[in-house]
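Engineer: Just passing along the structure, written as structure tokens.
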Amino acid sequence: MKNIRNFSIIAHIDHGKSTLSDRFIQVCNGLSEREMKEQVLDSMDIERERGITIKAQSVTLDYTARDGQTYQLNFIDTPGHVDFSYEVSRSLAACEGALLVVDAAQGVEAQTVANCYTAIEQNLEVIPILNKIDLPSAEPDRVAQEIEEIIGIDATGATTCSAKIGIGVEDVLETIVAKVPAPEGDVNAKLQALIIDSWFDNYLGVVSLVRVKNGTIKKGEKFKVMSTGVAYQVDRLGVFTPKMKDLDHLKAGEVGFIVAGIKDIHGAPVGDTLTHAHNPTDKPVPGFKKVQPQVYAGMFTISSDNYPDFREALEKLSLNDASLFFEPEVSQALGFGFRCGFLGMLHMEIIQERLEREYNLDLITSAPTVVYKAIKKDGEIIEVDNLSKLPEPGAIAEIQEPIVRANILVPKDYVGSVITICIEKRGVQVDLNYVGNQVSITYDLPMIEVVSDFFDTLKSVTKGYGSLDYELIRYEPANMVCLDVLINGDKVDALASIVHKDQAKYKGRELVERLKELIPRQMFEVAIQAAIGGTIVARSTVKALRKNVLAKCYGGDVSRKKKLLEKQKEGKKRMKNIGSVEIPQEAFLSVLKKIKL
């Protein structure tokens, strides 16, 4: 066990984490040259295209160090984006050390700081590594000082490398061997294995990635999942090199996979503990905190025939992504679907994209919303993650909205424009510190403003240099109202949203004007209205198409023409009463994409 090293890499998007892991695999001969490709561990197409890591992956490599000994390095890859922080905490729970990889040209970013604190809280040894030192703009000394000032860990003598051209990679591996502590645990104790990740394989059933804390698990043995108490037999176990490599056993300190023919998707929940069926341990491994969804949206299939496939796809995804929440929902406008909970907007986009790509579904997503608290006059508190749960306006004493504390790191040239967008988003400044060339700005902002388009706006005003990390801190009363959309007097539930009263008229007008462009003209007039309660705040009309009923009258008496026109008018009136307006799917999609709450 003394030669095992479990570690993960903490790094911001684009700081070279995936490239560095490729180099580790190359140096340790994990794959042949022919099998090597860039970003080996980013196995999803979306990960490659967007250049981000979404899922945690693991690799076991044998490294012969300069002292002549062979070490088993278990490297657990982690995502860098703020929406996937849950994946990060899962990966860190299985490690003893973490490499803090920082781009020597760009410096420290906000999400790196947040993930680094998570690692420190879990008592991991954090080792700073300065990457991309081959760039002409690299300033390793300045960045090392930034690490010390912002994060507070000693970065003097930090290992430098360039993963892209392969300089210093062996030095990094030597640093891991020297500084990451060996795992603690007893090979002969009762089995305790923590499930770090699970995914569904069509041939093997559920595949679980586990970190064995104590004891040994062998092929053919029976184990049970502690939360459910169900026992299974091990069919295959082994490690990823990054290909699957079968072994006879996994012992304390090791990280590997277990296949036990589990067909039930919820058979091995992430964060659970496995133990022997015949000689179980009493207490599970302390897992990681259950994450609460922050953003909710309705998801519907365009054709209702795909509903069963949609449910199955969501179940398979939720096995692989423990932070996804869903429950059935019915919308009058969009039919049957699911109300889904996500960690943030990027998480929502990725889930939608994965459902569409991996499961060939066509989906519509309703406007995202956060969880509000409605306090009724009788004192009852209702958590509103869906507008249908909002009580009647007369019964509500106040609505409270979630407030997040956002920590923003930007170069000092952009401070003014960042403060401007924070004020526009109803933010309250808490703190502002200058650290070297960077400025750390802390604001309390309404969560709905942050999850809609704050990140994109921040990136554009800071030319891509701004970074953001946020966490929910409290609820506070706010003047929120429910904005309904009526078409010919009928409410369209899919387009309703909760907005701040000051912005309601502007949002209502914008929504109505956009719908006017998208709803095709009918044979009768279509009135589009935005309303708060019983008050109409905006209105627009799609004019009726008109058939020329006088075309067959050549000259002749004017009363004949009047009679035909009156008849047409009557017909239109009757049509308006009984005619229903078909709203095309494109109109929904276009409006929902643009609703920036």
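Glycine is treated like the rest: Cβ placed from N, Cα and C.
Straight from Swiss-Prot, here's the annotation block:
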DOMAIN    2-184  domain 'tr-type G'
BINDING   Asp14, His15, Gly16, Lys17, Ser18, Thr19, Asn131, Lys132, Ile133, Asp134  GTP binding site
Engineer: At a 10 Å cut-off from the C-beta of Ser18 (GTP binding site), count the other C-beta atoms across all protein chains.
Structural biologist: 24
Engineer: What average pLDDT does the predicted model assign to the domain 'tr-type G' (2-184)?
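Structural biologist: Averaging the confidence scores along the domain 'tr-type G' (2-184) gives 73.
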Engineer: Which residue among the binding-site residues Asn131, Ile133 has the fewest other Cβ atoms within 10 Å of its Cβ, if you could check?
Structural biologist: Ile133
Engineer: Reduced to three states, what secondary structure does DSSP give Asn131 (GTP binding site)?
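Structural biologist: Once the DSSP labels are grouped into three classes, Asn131 (GTP binding site) ends up as strand.
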